[in-house]
Amino acid sequence: MLKHDTIAAIATPPGEGSIAVVRLSGPQAIVIADRIFSGSVASFASHTIHLGQVIFEETLIDQALLLLMRSPRSFTGEDVVEFQCHGGFFACSQILDALIALGARPALPGEFSQRAFLNGKIDLVQAEAIQNLIVAENIDAFRIAQTHFQGNFSKKIQEIHTLIIEALAFLEVLADFPEEEQPDLLVPQEKIQNALHIVEDFISSFDEGQRLAQGTSLILAGKPNVGKSSLLNALLQKNRAIVTHIPGTTRDILEEQWLLQGKRIRLLDTAGQRTTDNDIEKEGIERALSAMEEADGILWVIDATQPLEDLPKILFTKPSFLLWNKADLTPPPFLDTSLPQFAISAKTGEGLTQVKQALIQWMQKQEAGKTSKVFLVSSRHHMILQEVARCLKEAQQNLYLQPPEIIALELREALHSIGMLSGKEVTESILGEIFSKFCIGK
């Protein structure tokens, strides 16, 4: 990537829409825009919007709004011009072609964000958060990405960096004055411990952050032929699972994504629980039991028209809901239990609204206050912080056993890893790998 050239790209998704945005950034952005816009772009003040015509080679392309943001007060830190034209394919494509013909280069994926990073407008954590905002598949993932983009994670990383620097400075003073027989190491010990506490807090949040980003897992379980697959289809409002009256039809775990009021749920349909001599069905039942243990919650489906068998003990070890299916045929004999129970019909939809409301309330209660804290969701961040924790633990354990110079080496290694996180120590190849995942125009 050449930092001194000017790049251009369409910043909105392709297809029909009310408007499309073409973005231009670089030292020649204003000069190039001035050559195709009817107004005098060079004379426009920064952060102003102007209505005019886009004309190239004496041909009118479109009437558009032009937004000008002069360096350094722009997202990339460079001169930025955006054309807001009519949506669809042709207007924005012709504007982009004109900009390229006049000297702009087609932007690479994520290149606008990469320039923002290289110009110090955002750090690498914030740059990665931009991509996570775009690809978020539920409201929790979006909010977590938002906390990262707002700099909350970066502030904690800076706090860790400062604590390590302060501990390192103290140790370097001791190394310069070795005549001190019994140096007081309480100060670096406290700094290292505080830094390690923050790092370990983030590491421990990784699994929960992943769960929030990926969605809550709910498993549909129960005896064979109670209507689990019919219920899956009813909740998804589409025929996803095969429904028959033959017990044991479902053998593999069937997973579907279900978006419920912005909450992403991984809905799993499993084999019915029964004793069988069929080896393939046995394997499906074993997988279902394993999935029940790993799931966040269980929807245990019961046939209200059949005699009730004992409930499995696992229902009382994690959030579980009893769904009495076929309630359109007979009133269900509710149990005297603490588990929430619902009379439903996968066939008519009876009771499904109440089930959805209960699931939403349960998830909101489970996640109350969680998305306001900073979670670790990136595997890259997780791996780096594990290395930081290792270095800090080594320094902590050897603080009274090794010379200050040896402890300082561990702390410098921790600082290097912190730099990999923020982007201060990152290599060109890693940057390329990160930003290549972005869409063009971002």
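We number each residue from 1, going along the chain as drawn.
Heads up, the Cβ atoms here are built off N, Cα and C, so glycines get one too.
Over in Swiss-Prot, the protein carries these features:
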BINDING   Arg23, Glu82, Lys121, Lys442  (6S)-5-formyl-5,6,7,8-tetrahydrofolate binding site
DOMAIN    215-364  domain 'TrmE-type G'
BINDING   225-230, 244-250, 269-272, 325-328  GTP binding site
BINDING   Asn225, Thr244, Ile246, Thr249  K(+) binding site
BINDING   Ser229, Thr250  Mg(2+) binding site
* Structure fact -> Per DSSP (three-state), Lys442 ((6S)-5-formyl-5,6,7,8-tetrahydrofolate binding site) is coil
* Structure fact -> DSSP says Glu82 ((6S)-5-formyl-5,6,7,8-tetrahydrofolate binding site), in three-state terms, is strand
* Asked: Who sits close to Lys442 ((6S)-5-formyl-5,6,7,8-tetrahydrofolate binding site): which same-chain residues at least 6 apart have their Cβ under 8 Å from its Cβ?
  -> Ala11, Pro109, Gly110, Phe112, Ser113, Ile130, Gln131, Ile134
* Structure fact -> Between the C-alpha atoms of Lys121 ((6S)-5-formyl-5,6,7,8-tetrahydrofolate binding site) and Ser229 (Mg(2+) binding site), the distance in angstrom, to the nearest integer, is 51
* In Å, rounded, how far does the Cα of Arg23 ((6S)-5-formyl-5,6,7,8-tetrahydrofolate binding site) sit from the Cα of Lys228 (GTP binding site)? -> 50
* Would you identify the secondary structure of Arg23 ((6S)-5-formyl-5,6,7,8-tetrahydrofolate binding site) according to DSSP, in three states? => strand
* To do: Work out the three-state DSSP category of Ser229 (Mg(2+) binding site).
  => helix
* Structure fact -> Neighbour count check, CB within 10 A, over binding-site residues Arg23, Lys121, Lys228, Lys326; minimum at Lys121
